[in-house]
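As recorded in TrEMBL, the features of this protein are as follows:
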- 6-47: repeat 'WD' (REPEAT)
- 48-89: repeat 'WD' (REPEAT)
- 184-225: repeat 'WD' (REPEAT)
- 281-311: repeat 'WD' (REPEAT)
Amino acid sequence: MKPILLQGHERSITQIKYNREGDLLFTVAKDPIVNVWYSVNGERLGTYMGHTGAVWCVDADWDTKHVLTGSADNSCRLWDCETGKQLALLKTNSAVRTCGFDFGGNIIMFSTDKQMGYQCFVSFFDLRDPSQIDSNEPYMKIPCNDTKITSAVWGPLGECIIAGHESGELNQYSAKSGEVLVNVKEHSRQINDIQLSRDMTMFVTASKDNTAKLFDSTTLEHQKTFRTERPVNSAALSPNYDHVVLGGGQEAMDVTTTSTRIGKFEARFFHLAVEEEFGRVKGHFGPINSVAFHPDGKSYSSGGEDGYVRIHYFDPQYFEFEFEA
């Protein structure tokens with residue numbers, strides 16, 4: 001399995017995301033550049049220029065017309081995917097940590113950090129209403145008083161959002177009323193990443209408490225746990241196999257205090273049903289910050305603290321692999 005190496009960032013990768021068809025891969029990092037690549041050969045298609053700070057999150061809508069990015073420059077920006085033109089600039093009071101389009105691509109949500117005396121909020125904008133964009137007034141804003149949101153995704157059918165908090169809590173907020181529908185606390189520390197399954201019935205969380213967990217996306221019922229020895233920064237579910245890939249490694253500030261063995265920064269594959277690890281992929285020179293499966297399940301990508309994105313196409317053995325419990 002020879003990876004394709006994407007070198008388009010000068011700083012560590014914060015998030016990578018495929019579009020729905022999987023022909024494009026969007027990458028953002030702690031530099032202001034938003035890159036888009038062809039996933040088949042790793043060729044760079046273009047960049048979206050305009051941010052002036054680290055970019056924390058990226059999302060593409062259902063038909064890949066628009067791209068949404070949220071940044072530490074206190075803005076969330078909407079781009080035309082094809083031309084790279086900036087369509088909207090939504091200013092915030094603090095850094096934008098997570099962002100996402102709902103299933104129809106008409107409504108966006110983003111969450112802002114609790115910093116500089118400002119609270120953590122989730123804001124909802126309807127892109128069909130230009131007055132919301134022009135006046136920078138979301139149609140709904142949910143305050144999160146207790147602990148800040150560190151990752152969030154739209155739930156099935158765009159009826160709610162599922163948010164992971166710094167405390168390890170998971171909340172399901174209604175996208176209509178803004179109330180908390182379900183609240184669970186299965187993790188003991190910060191939730192770094194949430195990713196839905198292809199059919200949106202389940203999602204996997206990655207946490208600083210060294211585990212990734214599988215939940216039901218409507219009831220938030222906890223189903224499986226995948227344990228490692230290090231903080232998990234990202235986890236993704238395979239669209240066509242019962243596999244989950246975990247990326248992690250120790251915190252950037254702890255890296256210098258531990259041994260240099262490169263094996264700490266592996267992507268780890270677990271079997272979904274039996275919660276057993278069955279494979280590892282080496283390669284990054286630092287913790288893996290984001291992992292994503294290609295929508296066809298034939299490849300996966302990882303973005304690391306080393307600023308590289310690696311696209312891995314699976315060998316035929318992977319598809320013939322039978323897990324023996």
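Heads up, the Cβ atoms here are built off N, Cα and C, so glycines get one too.
All annotation found in TrEMBL is predicted automatically rather than curated by experts.
Across the candidate stretches 6-47, 48-89, 184-225, the maximum count of CB pairs under 8 A to the repeat 'WD' (281-311) is reached by 6-47. Across the repeat 'WD' (281-311), DSSP helix (H, G, I), strand (E, B) and coil residues number 0 helix, 16 strand, 15 coil.
With helix defined as DSSP H, G or I and strand as E or B, the repeat 'WD' (184-225) counts 0 helix, 24 strand, 18 coil. Residue counts for the repeat 'WD' (6-47) under DSSP, split into helix (H, G, I), strand (E, B) and coil, are 0 helix, 22 strand, 20 coil.
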